[in-house]
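Engineer: Features from Swiss-Prot:
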ACT_SITE  HIS117  active site, charge relay system
ACT_SITE  ASP147  active site, charge relay system
ACT_SITE  SER220  active site, charge relay system
BINDING   GLY218, ASN219, SER220, LEU275, GLY276, VAL277, VAL278, ILE279  substrate binding site
DOMAIN    264-355  domain 'PDZ 1'
DOMAIN    361-466  domain 'PDZ 2'
SIGNAL    1-27  signal peptide
Amino acid sequence: MSIPRLKSYLTMFAAVLMLGQVLTAQAEEALPDFTSLVEQASPAVVNISTKQKLPDRRIAAGQMPDLEGLPPMFREFFERNMPQQPRSPRGDRQREAQSLGSGFIISSDGYVLTNNHVVADADEIIVRLSDRSELQAKLVGTDPRTDVALLKVEGKNLPIVKLGDSEKLKVGEWVLAIGSPFGFDHSVTKGIVSAKGRTLPNDTYVPFIQTDVAINPGNSGGPLFNMKGEVVGINSQIFTRSGGFMGLSFAIPIDVAIDVSNQLKKDGKVSRGWLGVVIQEVNKDLAESFGLDKPAGALVAQVLENGPAAKGGLQVGDVILSMNGQPIVMSADLPHLVGGLKDGEKAKLEIIRNGKRQNLDISVGALPDDDADIGTGAEGSAERSSNRLGVSVADLTAEQKKSLELKGGVVIKEVQDGPAAMIGLRPGDVISHLNNQAIGSAKEFTEIAKELPKNRSVSMRVLRQGRASFITFKLAE
């Protein structure tokens, strides 16, 4: 090999080595260093333990069981044949249940945020600080709908966390959790933001932050930090099939939690806006049926009588596209936005009605403590049949209309083979709208059914056990 060629190979080899060193250095620079963040934030993170006294139903040796709930014949038999030992009065025997979670201090005078499920039904709450000192905590208030609880401990100049803005959090951003999984105090785990605005079953009013940060029992109520050392969420739930962490963790946005805590501190309870509607997702077929370019918004399936939406002119079949300038991409976006308003505040809605856009201004009400009872349907009279749909229907009675808050509609009497059977309709279902037209009677229903288009998505509003939803179907040639 000639010397020039050898020099060329050596030069190339050196260049490759230098490139590898540069890439390694860049990779090391790209990985965040959490040490200063943890040192700064840890002192304000606390361990929360609770105690709850529960009735102990177990029977001590030699003790007469409680026979109070037995029928007289059996009670007399046991009293005659069992040794006569003193019976402990009902409720005297107790056992103690304990739970463990995390929290963080948000004010130097001792206010602490955690999850409602960490302290629910507790008789005693102990907050343990980073220096291992323990303080008795008072429950200021809880909000089960968001799973937020506010505690108060007696103290001065306590370390506090910095609060961030969860709205500014971006998907892909690094985040870090500090908590007490399985009782291991001040354990640190990290990950990234996987998604924002997640809605979980039975948690309508929280747009959860989804992360892949390792969260386990005991982490609940602890803080989720961004890389600035600011709290952006409260770790609350995980999705799991095994009972342990599977890479899907959910945190309550700190903006939501602080709004709740401020109301709990001021009023001891939380008030939310309420429209008084039942909504559903807009899928591809419904979008076509209602004249939308693509699936988007929240479809109004039911408007509660005398509710804010009814008074403001919102109608069944309207599709809500935005509220106060915020787009409604999915139906689950609407409850978050409405819930953030106070009683009497305005909700500016952009809707589509009969294929045309328009705006409505509605004054929201206060969310009731319990869901309104919207009644159930029963069978009516004046039966008619639609061979095109394969269904027989009858008029609703006056009582049924009042119970369901309907001006008209029909109840299904019989379902034959055909489109109705294919989409799952069954006797007792109530149909209030067909092809975006309100139904006044069984006669109107059959007339509308005769004019339904073929090979195009057709919508039908159905109430089953009082709950309304839109479904779609297509009639073949």
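Please read every residue number as a count from 1 along the shown chain.
Cβ coordinates come from backbone N, Cα and C, glycine included.
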Engineer: Sequence order is fine: just name those binding-site residues in LEU275, GLY276, VAL277, VAL278 with a Cα within 10 angstroms of SER220 (active site, charge relay system).
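Structural biologist: Candidates kept after distance check: none.
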Engineer: By the DSSP assignment reduced to helix, strand and coil, which category contains HIS117 (active site, charge relay system)?
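Structural biologist: Going by the DSSP assignment, HIS117 (active site, charge relay system) falls within a helical segment, counted as helix.
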Engineer: Between the two most separated Cα atoms in GLY218, ASN219, SER220, LEU275, GLY276, VAL277, VAL278, ILE279, the residues recorded as binding substrate, what distance in Å do you get?
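Structural biologist: So the binding residues stretch over 37 Å, Cα to Cα.
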Engineer: Going by DSSP, is LEU275 (substrate binding site) part of a helix, a strand, or coil?
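Structural biologist: DSSP call for LEU275 (substrate binding site): coil, neither helix nor strand.
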Engineer: Quick check for the class: what is the C-alpha distance, in angstrom and rounded, between VAL277 (substrate binding site) and HIS117 (active site, charge relay system)?
Structural biologist: 28
Engineer: Using DSSP, break the domain 'PDZ 2' (361-466) down into helix, strand and coil residues and give each count.
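Structural biologist: Taking each residue of the domain 'PDZ 2' (361-466) in turn, the totals are 20 helix, 36 strand, 50 coil.
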Engineer: Are there any residues at least 6 positions away along the chain from HIS117 (active site, charge relay system) with a Cβ closer than 8 Å to its Cβ? List them or say none.
Structural biologist: ASP147, SER220
Engineer: Most Cβ neighbours within 10 Å: which of the binding-site residues LEU275, VAL277, VAL278, ILE279 is it?
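Structural biologist: Of the binding-site residues LEU275, VAL277, VAL278, ILE279, the most buried by Cβ count within 10 Å is LEU275.
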Engineer: Note down the number of other Cβ atoms within 10 Å of the Cβ of GLY218 (substrate binding site), including every protein chain shown.
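Structural biologist: Within a 10 Å radius of the Cβ of GLY218 (substrate binding site) lie 23 other Cβ atoms.
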Engineer: Does ASN219 (substrate binding site) have same-chain partners at least 6 apart in sequence with Cβ under 8 Å from its own Cβ, and which are they?
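Structural biologist: In sequence order, the residues whose Cβ lies under 8 Å from that of ASN219 (substrate binding site) (at least 6 apart) are GLY101, SER102, ALA177, GLY179, SER180, PRO181, SER187, ASN235.
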Engineer: Name the secondary structure element type, per DSSP in three states, that contains ASP147 (active site, charge relay system).
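Structural biologist: For ASP147 (active site, charge relay system) - judged by DSSP and reduced to three states - the answer is coil.
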Engineer: Using all protein chains in view, find how many other C-beta atoms are within 10 Å of the C-beta of ASP147 (active site, charge relay system).
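Structural biologist: The answer is 24 other Cβ atoms.
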Engineer: If H, G and I count as helix, E and B as strand, and all else as coil, what does DSSP give for ASN219 (substrate binding site)?
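Structural biologist: ASN219 (substrate binding site) sits in coil per DSSP, no helix or strand.
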Engineer: Indicate the candidate from SER220, GLY276 with the smallest number of other Cβ atoms within 10 Å of its Cβ, considering only these recorded positions.
Structural biologist: GLY276
